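J.: For reference, the structure I am asking about is given below.
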Amino acid sequence: MTDALSQSAYSPERPLRVAVIGSGPSGVFAAEALIKQTQVPVQVDVFDRLPTPYGLVRYGVAPDHLTIKSVTRGFEKTLNDPRVRFLGNVEFGTDLTHEEARAHYDALIYTVGASSDRRLGIPGEDLTGSMSATEFVAWYNGHPDAAARDMVLTAGGVAVVGVGNVALDVSRILVKTVAELHESDIAAHALDALAHSHVRDVWVLGRRGAAQAKFTTKELREFGELHEADPIVKPEEVLVDEAAEAAITDNTVKKNLEVLRDFAGRTPEGKPRRIHLRFLVSPTEILADGNGHVAGLKIERNTLDEAGNAVGTGEFETLPVQMVLRSVGYKGVALPGVPFDERRGVIPNAEGRVEGRPGEYTAGWIKRGPSGVVGTNRKDATDTVAHLLSDVAAGLLSPAPHASAEAVDALLAGKSVDVYTFEDWQALDAHELSQGQTLGRPRAKVVHKHEMLTHRKR
Ligand code: NAP
């Protein structure tokens, strides 16, 4: 222990007690960073409003990207550590208020991610058949908030607005066959609906050029390997002038252009479905039929100005779509009692220290906005924890008056909160895996909260 810390308020008898709010990747990485350090004895309670841990790894990562989900093996190790507890089914703001959290923990780390989405701000966005990719992803991944949604896939044409990895995920899921999806951990209700889907054409729309697309090459390549869908690219939309091409230094951009040009040069194999990757087009209006349903999407061709921004040319076309998924970025949602920057959708912070709130920290998407892959959050969370520890060393934290696991348990029991522990989750996990095995699938997700809560540690 360093000198500064040996004189600090914390000891093995009275460890530093930290509450992590949100058990997605950034929350679990923060807990991991706290137990890996040796400067101060620590106890960590990781809270989640859902009974299940892992946030976007369970409910955001595409169901057919199972290797990305293997990160949970490390997460299990962290949440199984005797210094860490998982308290699922506890809602911050009601079951545990900000004031209560301050009274029971020496430090708080907010890692709640970005659960909402950005809008396009064009007419027709609220028509039936227009929704965010976030909602669609939550539905097919069996998020309890979206599982009951009645998603009828009667659209023959779908437009997906945006060219990030989420746009590619939803487009791919829309055109995969049941046999392909069977190997994923997609929720059963979604597999059933997709089995009866009418979708034939999906247009993925980038407002800027192919060289400005945000997706990564591995995800793009998957469009060339689908059983029943051809990738369609207009050669003229992936042209980059010589000077601009020579100036490209980013390897992902170079590889993306290679793959897109390969697609553009292919003769479609005549598969029953098509993914059209379009660039330099912006949606301007979602058109309606007489019943308030999506009946088309008006798009405008763009050019790029000198700063690289999309500028409309006044040239329009209409895509024959009956469904529009906007995939233009996630957005954070305010937590009760916690400062929030509405414009940016983040908790205002300086390198993870919540502005004006000593002892409160943040990590992940609610700290920096919705960017980066799962692993990006490890460094982000570790950086935040480093600041927390340096504040501990500097004596900047006020020890909480009721800092014990028993006091937290008594508080939650007094409010009749049905806490779901990590061992409960392990019972549910084992159930889902064994049900999956019976069906020849990697996992059979339980999607309703009330049903999750019936699976408990024996
Ligand atoms: P993203 O990568 O930020 O992409 C958002 C897309 O929306 C961009 O193409 C952006 O274009 C476009 N856009 C924004 N506003 C628009 C508007 N008004 N009209 C038309 N287009 C608009 O966001 P994301 O796809 O939601 O992904 C979030 C993060 O998760 C990313 O870091 C992503 O890599 C990661 N992720 C990773 C994986 C994976 O590793 N397999 C899977 C899913 C997500 P501009 O560039 O012109 O703004």
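Using the three backbone atoms N, Cα and C, a Cβ is placed for every residue, glycine included.
Okay, these came from TrEMBL:
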type    : residues                       : note
BINDING : Ser26, Leu56, Trp365           : FAD binding site
BINDING : Arg207, Arg208, Glu219, Gly372 : NADP(+) binding site
DOMAIN  : 17-180                         : domain 'FAD/NAD(P)-binding'
J.: What is the set of residues, excluding Ser26, Leu56, Trp365, whose C-beta falls within 8 angstroms of the centroid of the C-beta atoms at the FAD site?
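T.: Neighbours found: Gly22, Gly24, Pro25, Gly55, Thr111, Gly113, Ala114, Gly364, Ile366, Pro370, Asn377.
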J.: Out of Ser26, Leu56, Trp365, point to the one nearest Glu219 (NADP(+) binding site) in space (Cα versus Cα); all of them are binding-site residues in the record.
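T.: Nearest in space to Glu219 (NADP(+) binding site), counting only the binding-site residues, is Leu56.
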J.: List the Cα distance (Å, whole number) between Arg208 (NADP(+) binding site) and Trp365 (FAD binding site).
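T.: It is 24 Å, counting Cα to Cα.
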J.: So which binding-site residues out of Ser26, Leu56, Arg208, Glu219, Trp365 are up against ligand 1, CB under 6 A?
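T.: The ones that qualify, in sequence order, are Arg208, Glu219.
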J.: Does Ser26 (FAD binding site) have same-chain partners at least 6 apart in sequence with Cβ under 8 Å from its own Cβ, and which are they?
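T.: Result: Thr111, Gly113, Ala363, Gly364, Trp365, Lys367, Asn377, Asp380, Ala381.
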J.: When the pLDDT values for the domain 'FAD/NAD(P)-binding' (17-180) are averaged, what is the result?
T.: 97
J.: Given a separation of at least six residues and a C-beta threshold under 8 Å, show me what packs close to Arg207 (NADP(+) binding site) in the same chain.
T.: Leu280, Val281, Ser282, Asn302, Ala310
J.: Looking only at Cβ atoms, how many others are within 10 Å of the one on Leu56 (FAD binding site)?
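T.: Taking all protein chains shown, Leu56 (FAD binding site) has 22 Cβ neighbours within 10 Å.
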J.: For Gly372 (NADP(+) binding site), what residues in its own chain, 6 or more apart in sequence, show a Cβ-Cβ distance under 8 Å?
T.: Asp380
J.: How many angstrom lie between the most widely spaced Cα atoms of the NADP(+) binders Arg207, Arg208, Glu219, Gly372?
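T.: Maximum Cα-Cα distance: 20 Å.
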J.: At its widest, how many Å does the recorded FAD site span between Cα atoms of Ser26, Leu56, Trp365?
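T.: Comparing all Cα pairs, the maximum is 11 Å.
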